[in-house]
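Novice: This is the structure I want to talk about, given as structure tokens.
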Amino acid sequence: MAAAVGRICGARLFKNYGVATTQLLSTLGVVGGGVGALLFALEQSVQASGNEAHPPHQPWSHDGWFKSFDHASVRRGYEVYKQVCKACHSLQYIAYRNLVNCTHTEEEAKAEAAEVMVKDGPDEEGNYFERPGKLSDYFPSPYPNENAARAANNGAYPPDLSYIVLARKGGEDYIFSLLTGYHDAPAGVVLREGQNYNPYFAGGAISMAQVLFNEAAEYTDGTPATASQLAKDVATFLRWTSEPELDQRRLMTIKAIGMFTFLLAISYYIKRHKFITLKTRKLAFKPSK
Ligand code: HEC
């Protein structure tokens, strides 16, 4: 880096700015390079010190700059969440209205919301009451608070899943591997009461039991509900909950690339047009007599 900066300076690009600038840039280069190398080394050492298995990369249909979510898969993933994960995990940043036009029609989403009871109030007499959910309601949590969640799960807290894909290294690959990676503990690994062995979980001992088996959930679209299919769909769903705006962002990328390419072409043309007189002029020296 420093060498590169030095070379740029040597190429006299910055010559007019004097020696101080050159030194400043070199220092910046050295510091920048050093910090970069340190960050890289720290990242590598963290990876090397963990004893967990690294999740292999799966060919997700939404991988790539111009790909959108597989919405049928997101919908199936919602069904898995509803039938399996919801018993323990909250999804507090997703509201029923988010499902509309993404995985469900408005009527379907309203019906989904109406299935849960939501605490509301106070009413005119100052009492709190329960009512069926509406589109504007957020997904309800299975437990009233963290202590209740821990008490029901052997002391471990099932984390909120809304942003879990962004919160774990490996993202949806990790979720898929975690859900399908349960094994008998290898010789020498001692698990405590209520713990299970999963090589993808840091430390190997996870308090969540294996939840996905073949036919552990039912799909309304008739897709065979194998364990890996369930895991793939719920991982796709959780990627969507982490980034519901992904489709819009990618659409904007396509529009922006189209627009800026056009603008770049026009700018280039105008630049040529304006500079042509300057660039093709001829300077002649005529000595006065
Ligand atoms: C019976 C309750 C229960 C069910 C059902 C359940 N989980 Fe969990 N889950 C837990 C508990 C408890 C933990 C915390 C484990 C720990 O910290 O050892 C957890 C942790 C997790 C984690 C975080 C792991 C980490 O890296 O910290 C993910 C991701 C997860 N569960 C996904 C799911 C998904 C997806 C489903 C549905 C397919 C599901 N869980 C169903 C109880 C459950």
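For all residues, glycine too, the Cβ spot is worked out from N, Cα and C.
In TrEMBL, annotation is done automatically, which means it is predicted and not curated.
Quick paste of what TrEMBL says about this protein:
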{"type": "DOMAIN", "residues": "72-242", "note": "domain 'Cytochrome c'"}
{"type": "BINDING", "residues": "Cys85, Cys88, His89, Met208", "note": "heme c binding site"}
{"type": "TRANSMEM", "residues": "251-270", "note": "transmembrane segment"}
Novice: Sequence-remote contacts (6 or more beyond its ends) of the transmembrane segment (251-270), Cβ cut-off under 8 Å?
Specialist: 65-66, 68
Novice: Of Cys85, Cys88, the binding-site residues given in the record, which has the fewest other CB atoms within 10 A of its CB?
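Specialist: Cys88, out of the binding-site residues Cys85, Cys88, has the fewest neighbouring Cβ atoms within 10 Å.
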Novice: Applying the rule Cβ within 8 Å of the centroid of the Cβ atoms of Cys85, Cys88, His89, Met208, what extra residues of the same chain belong around the heme c site?
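Specialist: Same chain, not in Cys85, Cys88, His89, Met208, Cβ within 8 Å: Val84, Lys86, Ala87, Pro158, Leu161, Val211.
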Novice: Provide the three-state secondary structure of Cys85 (heme c binding site) computed with DSSP.
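Specialist: It is helical.
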Novice: For the domain 'Cytochrome c' (72-242), what is the mean per-residue pLDDT, to the nearest integer?
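Specialist: Computed over the domain 'Cytochrome c' (72-242), the mean pLDDT is 95 on the 0 to 100 scale.
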Novice: Around Met208 (heme c binding site), how many other CB atoms lie within 10 A of its CB?
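Specialist: Other Cβ atoms found within 10 Å: 20.
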Novice: With an 8 Å cut-off on Cβ-Cβ distance and a minimum sequence separation of at least 6, pull the same-chain contacts of His89 (heme c binding site), or say none.
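Specialist: For His89 (heme c binding site), the qualifying residues are Tyr81, Pro142, Pro158, Pro159, Asp160, Leu161.
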